[in-house]
2 protein chains.
Amino acid sequence: MADIIDGRAIARQLDEKTKAEVDALVAAGHPAPGLTVILVGDDGASQVYVRRKIKSCEKVGIRSNEHRLPADTSQEDLLALIDQLNRDPEVHGILCQVPLPDHIDTRLVLRSITPEKDVDGFHPVNVGRLSTGTGGIVPCTPLGVMMLIHSVIPDLTGMDAVVIGKSNIVGKPVANLLLDAEATVTVTHIYTHGLPAICRKADVIVAAAGAPELVKGDWVKEGAVIIDVGITRIMDEETGKERLVGDVAFDECQHAKAITPVPGGVGPMTIACLLANTVQAAKGLMGVNKDVSSDYHDVPSRSMFTGNGNIPNE
Amino acid sequence: MADIIDGRAIARQLDEKTKAEVDALVAAGHPAPGLTVILVGDDGASQVYVRRKIKSCEKVGIRSNEHRLPADTSQEDLLALIDQLNRDPEVHGILCQVPLPDHIDTRLVLRSITPEKDVDGFHPVNVGRLSTGTGGIVPCTPLGVMMLIHSVIPDLTGMDAVVIGKSNIVGKPVANLLLDAEATVTVTHIYTHGLPAICRKADVIVAAAGAPELVKGDWVKEGAVIIDVGITRIMDEETGKERLVGDVAFDECQHAKAITPVPGGVGPMTIACLLANTVQAAKGLMGVNKDVSSDYHDVPSRSMFTGNGNIPNE
């Protein structure tokens, strides 16, 4: 039987670490880190997510603040609010819940959050820093994925990792983090030929395709570690009830070394990583050095100009 | 016999395209694009590279300008110069030749060049945009690599590509560009196990390891396309003379479909791409739309939030 990687338990441990960091900051005379969440419109799911984030902040001692704006808020007004929050020294993290209404340019809005407060890690500067292994804020889900992998494989050096899906929010950043951890990384996607054979060679599979039960048991080699980022609601034909499934045929993969369940695997890590990112952002803005949440906030500063023996900028 | 991918000829074609773009801009009443190169100290190789760049500008009608600063220039003075160039409307591209003297923080300096004028494509914002497929300036060597590949494989969809080396200036950006082109991409490096077998499956190999003749003939499958980014000066044991070799054992790879020579492959593309980037930057700054040099300046704007079926920012 494969070990189940318990995302809820690992998220709880991370929350405890985060809470300890917050307490230490406050004990040292700093203000508690502060997260501001912006919600535009009244999308039901978004309201649930925002409420959950706010509640999670309370648990670890992060001050939180919610701006609810009507669905017809102009882009100008939203940008003005973000500008104000960027300059507010009491705000350390800014999260603008997506999706935004259609009349608003989502990418422009997310790019207007100052990178130092961009706790989602979506700003091009943070993406660039992640890509070059030069620090910055790492997006929550990829950060959580790496923590789950490291809970069973402390050292990924030379391991074969396969990432299924090349989205900007999961696949690509996970691939970068795996490379930073010295794994050999193959990124696959909808146009990939021979995906089963590619997966069969992998020591680590990160499935982030959004395709229910795409990865079958015979795609997985004995002893592999599987992280399932997918989550899709499907109708169970036998029971006639809806259920959540991942990108991996979980029951068929008991010969794996370890596997994340859906739900209860990657999902719970995301908010825990958001909280950790908020504390990291606060410490950066306060000039407090050592970071709290993970090695990924502390990627060794590799020179832009090492590693391939070529003369750059020739 | 493998086809030789003639980098010099392809670079010349690109230069012609660039020159035509410059002429069209000028004919439309715009100023000619302007590139400013900064050289700190008197490193011999750097002087050669800078001279070559300046001369190449002349050929295509780009105005060029060189700032030679003494080796003991303070970081402050260098940053002040860049700040002034950032604000100068006649300057469209800024290139700060590396290596910089040890007392100067190279990364800080490169980051101080405004992304819109960063014709080297090293600024985190440009790296981030490349990583997310959202435009920006693509670094010269990776851009040249992709043009060489496309000269023999117009459509990379579903092809297996292997990148050897994961440097920030070649391996990682090339991997991102290959992914954008819908190839399946494996990034390998010094810690990779079984590199020969991984290469043997590849339709495209990009060797950027800086390891002379690392890739042997029997690592290459029949019909593969090989781009050799490496360039190392070695002593030829037979002749007792120095010669330049790439990362690929060229003579052993005649069963490939096509291969770049060293020298004369990737090298010549780099300056041609710098010129193309300068024109692209100028057009961006002038508000002139259609770009000049390649599809890679025009990467389709994919939403940050598509492609994996998961709810982002949950």
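Note that Cβ sites are derived from N, Cα and C of the backbone, with glycine treated the same way.
Nobody curates TrEMBL annotations by hand; they come from automatic prediction.
On a predicted model such as this, the values are computed, not experimentally measured, just so you know.
The feature NADP(+) binding site is assigned by TrEMBL to A:Gly165, A:Lys166, A:Ser167, A:Ile190, A:Ile231. What TrEMBL lists as domain 'Tetrahydrofolate dehydrogenase/cyclohydrolase catalytic' is A:5-120. TrEMBL lists A:139-283 with the feature domain 'Tetrahydrofolate dehydrogenase/cyclohydrolase NAD(P)-binding'.
Here the binding-site residues are A:Ile190, A:Ile231, and the one ringed by the most other CB atoms within 10 angstroms is A:Ile231. Other Cβ atoms within 10 Å of the Cβ of A:Lys166 (NADP(+) binding site), summed over all protein chains shown, number 27. Here NADP(+) is bound by A:Gly165, A:Lys166, A:Ser167, A:Ile190, A:Ile231 per the record. The longest Cα to Cα distance in that group is 17 Å. Taking the Cβ of A:Gly165 (NADP(+) binding site) as centre and 10 Å as the limit, one finds 28 other Cβ atoms among all the protein chains shown. The helix, strand and coil residue counts that DSSP assigns across the domain 'Tetrahydrofolate dehydrogenase/cyclohydrolase catalytic' (A:5-120) are 61 helix, 19 strand, 36 coil. Secondary structure of the domain 'Tetrahydrofolate dehydrogenase/cyclohydrolase NAD(P)-binding' (A:139-283), assigned with DSSP and counted as helix (H, G, I), strand (E, B) and coil, comes to 54 helix, 30 strand, 61 coil.
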